Amino acid sequence: MSKVIGIDLGTTNSCIAIMDGSQPRVVENAEGARTTPSIVAFTDDERLVGQPAKRQAVTNPDNTIFGVKRLIGRRNDDAALAKDKKNLPFAVIDGGNGDAWVEAKGEKYSPSQISAFILGKMKETAESYLGEDVTQAVITVPAYFNDAQRQATKDAGKIAGLEVLRIINEPTAAALAYGLDKEQTQTIAVYDLGGGTFDVTILEIDDGLFEVKSTNGDTFLGGEDFDMRIVNYLADTFKKEHSVDLTQDKMALQRLKEAAEKAKIELSSSSQTEINQPFISMGSNGQPLHMVMKLTRSKLESLVGDLIKASLKPCKDALKDAGLSASDIDEIVLVGGMTRMPKVVEEVTKFFGKEPHKGVNPDEVVAMGAAIQAGVLQGDVKDVVLLDVTPLSLGIETLGGVFTRLIDRNTTIPTKKSQIFSTAEDNQNAVTIRVFQGEREMAADNKILGAFNLENIPPAPRGMPQIEVTFDIDANGIVSVGAMDKGTGKEQKITIQASGGLSDEDIEKMVKDAEENADADKARRELIEAKNQAESLIHSTEKSLEEHSDKVDPTTVEAIELAIAALKDEMESENADKIKSGIQNVTEAAMKLGEAIYNASQEENDDVAEPADGPHDDQDDIVDAEFEDLDNDKRA
């Protein structure tokens, strides 16, 4: 049975881990890094994922997609997306079903598809390390992801060729990695401020039992927002000095974004940094303009202070829902790259009244927790029980547009809940069940997950029919809803899919596209490897020919030269099979040269004759050497 892998699919970076014996192990990617940038780029002839995509972002901003996790499972008209759209160098469009999609090189891609390309890279990383195919995974999501976002993440796994055995919340995964070997009872808070999302989760750990008490968060608060504050500050300052708006230039905007991220990281360990971007724009008279600017840690803290404060309200709400106070928390575990910022650590310390735990790597701990959960599902990890919760209340719209809750937030999952409803009018023969998720009192103010009809209800006075509505949430946090007319036994069930979302046909098409692209990628890699091998062979053969052509007859030299010329022509054909055939021809032709060189070398060795008398044992000329044995204390 192949390994089940654990993947932290992050907004900024992604990470993969496996169980190595009894401990999780992070696997390095092809570039030798332990995390992979969650970036996908499209060029004229290939698709790039990870570090190669990040390297070319400045010169190809329109077709370099990043931060797609903030789009996944969202509608294109989502108010939260509006501020992001104007800051993104690539196009965010309506996917035709109301969902937010992206456009690159004239093609439309769903966020699930882009995420699948990243997951595909993680899958390749695992397969390269393990030396076997990988088909199953545990994937993490922010705890505050709603049903549509969870379903879209699961779709991404399917498109990437992975069976997603479990969707697990990021803070819960971090808690698993933190508490795997802890035997004492502890109440911990996981503060997870990542690249695009924020979560806080309160858990109780007791000798292998991980029970989530409450969770809260903001799926639009993270490092991307911090970066944009710096970008806007730099752009505003530059505009005041030079009357040039850099935000209107996509390449300049991408350079600013990279500079902002670099400055933010540097200011976590130093009090000041310099942002130096030569030739970032042109002045009105055509002269080049350069950006050289100092940014201090205190200035950065003033720019993002409200964002850090915004993370504390979910902390208060999570404690309240758990029925605890800050003093009841035994340990605070920091997760996500943004928790390296000193001001974040300071505010968290002040809020909880104690120093956070520093024994986990905030970039890797979530993937390690996912690997542990994978180990639990595979049977490799024993005596670990995870009890997670649903982050948001679930219910239906009832008379007057009221949101009637069936399952409250922070209910332990998996769970199932039923409630009896009735008709609103006399002789009503059908009811529409509209399913919502959220905390507002009116249904319209919450997130609609889907709707379905229960039909052919026998005529009866209003309030008479008994319609049982049942909500079922699985361990992934994905919702199924059913409705049954108790009088007739008629039943209707659906697994909630985002209104919009990806249909089964969409997913199958994307799976097929991914497989075709995988074949194309493999063919391209074979072509590159064949070309590299051909170039190396041509170089070594020509060098040998130059040095040893006098050792073979002219016919052999001509045959080798013709084979090399043919191989050079085949390298222009972009056909790996032809190049491999040419390599074989050059190798065979060059064998005669190799034999001639070997034979010539043997003849030279044979010409070295022994002295005429032969060997002798005469020791008359041997002189005994004199030596002095030094004491140990005099030796060097």
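Backbone N, Cα and C define each Cβ position, glycine as well.
Around the Cβ of Thr197 (phosphothreonine), the same chain contributes Thr11, Lys69, Arg70, Pro142, Tyr144, Gly217, Asp218, Thr219, Phe220, Leu221, Gly222, each under 8 angstroms and 6 or more positions distant in sequence. The annotation phosphothreonine is assigned in Swiss-Prot to Thr197 on the grounds of sequence analysis.
Cβ atoms under 8 Å from those of the region 'Disordered' (533-552) belong to residues 560-561, 564, 567-568, 570-571, 579, 582-583, 586-587, 590, 592-594, 596-597, 599-600 of the same chain, restricted to positions at least 6 beyond its ends. Taken from Swiss-Prot, the feature region 'Disordered' covers 533-552 (among others).
Annotation source Swiss-Prot lists compositional bias 'Basic and acidic residues' at 540-552.
What Swiss-Prot records for 595-636 (among others) is region 'Disordered'.
If you look up Swiss-Prot, you'll see 618-636 marked as compositional bias 'Acidic residues'.
Annotation note: Thr197 (phosphothreonine) sits in a coil segment as assigned by DSSP.
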